[in-house]
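Written out below as structure tokens is the structure these notes cover.
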Amino acid sequence: MQILNNLFFESQQDFPYLTKELNEIFSDIILGGKIIRYKISKPKFINILASSNKKNIQNEIQMKLDQYANKKFIDIFKSKKNIAGIVSEEEKEIIFLEGDSAKKGKYVILLDPIDGSSNIDVNVSIGTIFSIYQRITPIGVPITEADFLQPGNKQIAAGYILYGPSTVLIYSTGYGINKLIYDSTLGIFSLLKEKIMYPSKGKIYSINEGDYNSFPVGVKKYIKFCQEQNKETNRPYTARYTGSFVADFHRNLLKGGIYIYPNTTKYPNGKLRLLYECNPIAFLAEQGGGKASDGNKRILDIIPNKLHQRTPFFVGIKTMVDKAELFINKHCYM
Ligand code: AHM
Ligand code: MG
């Protein structure tokens, strides 16, 4: 087992694909994650698990922890030189870092500071999702929106921290998925597993079936398929849905399954956000031999046109996503 401290760089030889600059960014993400984990695990901070009674740009009620995590990550990145700007689920506009960073920082980062907000006050797993790109505007001039509106296939790193019974960091720099586990006594993340792959077969489907009546016909048919006796498992698939996307994805990655958030009447373009939820998870899914699609095309090839763009999302074992797409194409998406 490799032991890493806050600075991945100290174990550079074990992570040849993490440059010094990326190491520093990861170190910042880890620092934010450690602070969040500390806050949510201490009874004296119980107040932070409540609602703030304010809404974010998505018109969703923010929990106090959403606001806290958002500010914490921004503060951490603001004090560093290699990040030129940040996009966060909780902020309407790009956060341009001041001074040298905005002009010289090579990277931009996109964040969902707390995914699974509805689970904060009921002590169910939540996570932080991140996505990193190299800027496309030249070094020396301020970044623009174009630096963030790159397709997911240009990501140079992506991952999430899952705050569950244990705290884990799952990330990829394009050379497989690594899993690290947090040791709160030592304050470090230790490498637990490299090159994580989806199992060859899956039997879990994760979707909010309460919205069934407003799903596209193809999705309804796929759910019926999941509920039938399955040739591979000799029983119907198992339904598992927490309402925390990272938790559902994580389970399906390790145990084999598919996560779906389709377009619905309430969310005609899907609920999940392309840039800081779907792209990073799609990047990981492909690194694990899986597939991520909007029902018709590869998520990572979508050219974004706005920061908080939503998309229908199907992610999981490749054969399961292929099957869902078959139903969608056969029955037409709407
Ligand atoms: P959030 O980032 O505000 O928490 O929203 C995203 C979450 C996902 O984690 C989860 O899968 C989904 O929204 C749940 O939505 P619903 O309650 O409509 O099923
Ligand atoms: Mg989210």
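Glycine is no exception: its Cβ is also placed from the backbone N, Cα and C atoms.
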| query | Taking Glu277, Glu286, Glu325 as the options, which does TrEMBL list with Asp112, Asp115 at the Mg(2+) 2 site? | reply | Glu277
| Site co-member for substrate according to TrEMBL, given Asp115, Gly116, Ser117, Ser118, Asn208, Tyr241, out of Lys80, Lys81, Lys179, Lys271 | Lys271
| query | Looking at TrEMBL, which one out of Glu89, Glu90, Glu91 binds Mg(2+) 1 in the same site as Asp112, Ile114? | reply | Glu89
| request: According to DSSP, folded down to helix, strand and coil, what is Tyr241 (substrate binding site)? | output: coil
| Close-lying binding-site residues around ligand 2 among Asp112, Ser117, Tyr241, Lys271, where CB distance stays under 6 Å | Asp112
| Where DSSP helix means H, G or I and strand means E or B, what are the helix, strand and coil counts for the domain 'Fructose-1-6-bisphosphatase class 1 C-terminal' (199-327)? | 55 helix, 20 strand, 54 coil
| query | Whole-number Å distance between the CA of Tyr241 (substrate binding site) and the CA of Asp115 (Mg(2+) 2 binding site)? | reply | 14
